[in-house]
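Taking it in order: structure first as C-alpha cells, then the write-up.
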Amino acid sequence: MNKKIIILIYLIFIKSIVGQNPVWIGGSGCNLFTDSSCWSPSTSPLTTDIVTMGVDSTQTVVDGDITITTLINNNLTLGGVEMSSTISLEIIDTSLIVSGAFSMATNSRLSLSLSDSYANSLVSGSATRNAVNVLMNLQSMQTLMVGSSFTMTGNSVLDVNRSISTINGVFTMNDDTSLFMYSKQNGDSKFTVGNSVLNDASSLNFQGQSFIFFNQTNLPSGLVLNDQSKIVAIDADNVKISGVVTLNDQSSIQLTSSRLYLDSLVTATTSSILVNNSTLSILQSIPTTFSPASAVFKGSVFTIKSNCTIQSPITMIDSVYSFNQSHTLASQFTGSNVYMIMDAAILNAGNYYDCSGCSLSMRNSIANFDSYENQGDLILSSSKLNSNAPITSNTGSIFGYYGELNQALTVESGSLGVYNEKTRLFVNGNVIVESGAKIQFYLSSPLDFSWLNTSGSLDVQSGTIIEIYVYIEILNNGSMEVIKTSNGFVTPLSTDNVKLYTYDPDNDVITDFSTTGGCEYSISITNTSVLVHTDYACQQAIITLGTDGISKGSLAGISVSMVALACFVSLGVWWKTSKKNDQRNDSQVLTNFSQNKSDDIDVERKL
C-alpha cells in the first residue's frame, strides 16, 4: 500500500558540512515541520543531518512516496540522504541541496522534474524569495545539488526530466540501475557530475534533448562503463556528453533515431557500438584508437574530428562516414552505399577497404589504397587518390576541381566529369573510356573551364562520347584546351565521338549545338589535344582536324604537385550536394558545446 508524504518546501543553497546523527523520515499524511511522527529524533532536520528516507519514527521500513515541491519560507538543506527500501522521492519545481553523499538502495526511485506550468513561468522573468534574488529561468534552476558522491544500487532508477542538477563527486551506478534523461519542452535536461562509473548491467537512457557534463578538473574523469553497462538513446534528438567516455569490458553504446555527441571516446576490444538511423559524433581533436569488438552503422552518420586508427571491424550500410585529420584502417571496413567525406584529411586504407556502391568525396585531402574501384561518385577537390594498382570506375562519376590520380584509369561505365560541374583532373598514366561510358566537360569561360590532363594516352573506345557543355552566356573569345595527352589518342577522334552542347544552368536546358545553325563555338582536334574556341564574329561553324598539338595551351604552368600541396590550402567552395538528392544537410551539429564545436562543419546527410 502506497503512502504519500507531501513535503512542501523551497530550497536555497547554503554552505554546510555533514554532521549529527542519522535522522529518519517516514509515514503518511505528515507536515514535516510540525508533526514529530514524521521525523525521528526531531520534528525538523538540521542542515548537517544525514536523512534516511523510507522509515518511520520507530525506524520501521515504510514503503511510500515522498514529494518535495515549492513553498516559500520552507527550506531543506541536508548533510546526506539515504533512500532505503522501495521509497519513491519526487523533487518537483524546487531544489534539494545535499552537502554530503546521496545513495539509492534496491528498487528506490528518484525523480527530478519541472512541471509544465512552472517551466513556463521560469522562462518569463525573475522573482525574489527569502530575500534572495533568483533568476527564474531554466538555466539557473538547480533541482538537485549533491556535494559529495551519488551511488545507485539494486534496481534503483533516477528520472531526470527537464532538470538541471549537479553532483560534485563521483556518480556510480551498480547492478541493474538506470538513469533516464528526457525533455518534453522548454529546455534541456542537464546533469553535471565530477566523473561517473557504470558497473554491472546499469544503463544511461536518453530521450529528447539531454546534456551530461563531466568536470575534468581532476583527471582522469568522465564516464566509465564497466561490465555490461550501456548508453541507450531512443528518439533522443540532441544528447551531449562532455569529458571522456570509456567503454570497458562488454559495455556498449546503442542508438536508435537519436543524435549523440561526445567529446572523446575510448573503446575496449570487447565493447560494442550499434547505431541505427542515428548520429554518433566524436568532436575533440585528441588522437584516438577506435577498437570495439564490433561497430555497426545503418542509415546513420559517423563523424570523427581527430587522428584515428581503426583497429576493429566496421560495418556501414546506407550511411555517411565523415572525418578530418589522419585516418588509418588497421581492420576491415565493409560498406554498402556509404558516402565517405574527407575534409583536410589523410586516409591510409591499405587493403582493408571493401565498399559496394560507395562514394568518396575529398576536399584538400589524400587517400591511399592498395587498390581502388569506384562504385559511386569520386569527388576530388584539391585532392589526390593514390593506388598501388590501376584504378577502375564501373559506375557513377569521377569529377572535382584539381584532382589527381597516381595510376592509370579505366572508366567502364558512368562518366569522367559531369556536365554541370567543373572538373580538372590529372591522371598519371593512360586513360581508357570503354564503350557506353562518357567524358563530360563543363566550360564556364575561357579562364575557368574543365579539362583532362594525362601523362599517357587516351583510348576512347567505340560507342564512347566526349560531351562538351558550353555555358550559354560566355561572352569573350578564346580557346580552351579541354583534353591534353602526352601520348595522343589510341583511336583517332572525330565529330562522331566529340559532341558540342550549350548549357543554360539557370533553367537546366541543354541544346545540341549542331542543330542551332550557330558558329559561335568550334572544335579543334589534334593528335594530342581537343580544343574549343569561341568566336562571336564568326560567319560559319568551324570544325577542323589538325596534326600538331600545341606546346603551350591553357594548361601551361600547372604542376601536378599543386594538387598535393593543395591539401593544405583551404578553398572557398567545396563540392555541391545536388548530385545526391537522397541526402540532406543537417546543420545542427552542436553549438556552444566544446572548444572545437565551431569548426564542426555540417556533414550530416540522411540517406
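One is the number of the first residue shown, and numbering goes on along the chain from there.
Cβ coordinates are placed from backbone N, Cα and C, and glycine is handled just like the others.
Feature annotation from Swiss-Prot assigns signal peptide to 1-19.
What Swiss-Prot records for 20-554 is topological domain 'Extracellular', and it gives sequence analysis as the kind of evidence.
What Swiss-Prot records for Asn75 (among others) is N-linked glycosylation site, and it gives sequence analysis as the kind of evidence.
Cβ neighbours within 10 Å of Asn161 (N-linked glycosylation site), excluding its own Cβ and spanning all shown chains: 20. The N-linked glycosylation site annotation in Swiss-Prot covers Asn161 (among others) and rests on sequence analysis.
Residues or ranges marked as N-linked glycosylation site by Swiss-Prot on the basis of sequence analysis: Asn215 (among others).
Under DSSP, Asn276 (N-linked glycosylation site) is assigned to a strand (E or B) in the three-state scheme. Summarising the annotation, Swiss-Prot assigns N-linked glycosylation site to Asn276 (among others).
Here Swiss-Prot flags Asn277 (among others) as N-linked glycosylation site. Residue density at Asn277 (N-linked glycosylation site): 17 other Cβ atoms are found within 10 A of its Cβ, drawing on all protein chains shown.
In sequence order, Ser285, Pro287, Thr288, Gln325, Ser326, His327 constitute the residues six or more apart from Asn307 (N-linked glycosylation site) in its chain with CB-CB distances below 8 Å. According to Swiss-Prot, the N-linked glycosylation site annotation covers Asn307 (among others), on the basis of sequence analysis.
In the three-state DSSP classification, Asn324 (N-linked glycosylation site) falls within a strand. Feature annotation from Swiss-Prot assigns N-linked glycosylation site to Asn324 (among others); the stated evidence is sequence analysis.
Marked as N-linked glycosylation site by Swiss-Prot on the basis of sequence analysis: Asn453 (among others). According to DSSP, Asn453 (N-linked glycosylation site) sits within a strand segment.
Asn477 (N-linked glycosylation site): 13 other CB atoms within 10 A of its CB, across all protein chains. Residues or ranges marked as N-linked glycosylation site by Swiss-Prot on the basis of sequence analysis: Asn477 (among others).
Swiss-Prot lists Asn527 (among others) with the feature N-linked glycosylation site. For Asn527 (N-linked glycosylation site), the count of additional Cβ atoms within 10 Å of its Cβ stands at 15 [all protein chains shown].
Summarising the annotation, Swiss-Prot assigns transmembrane segment to 555-575 and lists sequence analysis as the type of evidence.
If you look up Swiss-Prot, you'll see 576-607 marked as topological domain 'Cytoplasmic'.
A Cα-Cα distance of 22 Å separates Asn277 (N-linked glycosylation site) from Asn324 (N-linked glycosylation site). Cβ neighbour count within 10 Å across all protein chains ranks Asn324 highest among the glycosylation sites Asn276, Asn324, Asn453. Mean pLDDT of the predicted structure over the topological domain 'Extracellular' (20-554): 80.
The two recorded residues, Asn276 (N-linked glycosylation site) and Asn527 (N-linked glycosylation site), have Cα atoms 54 Å apart.
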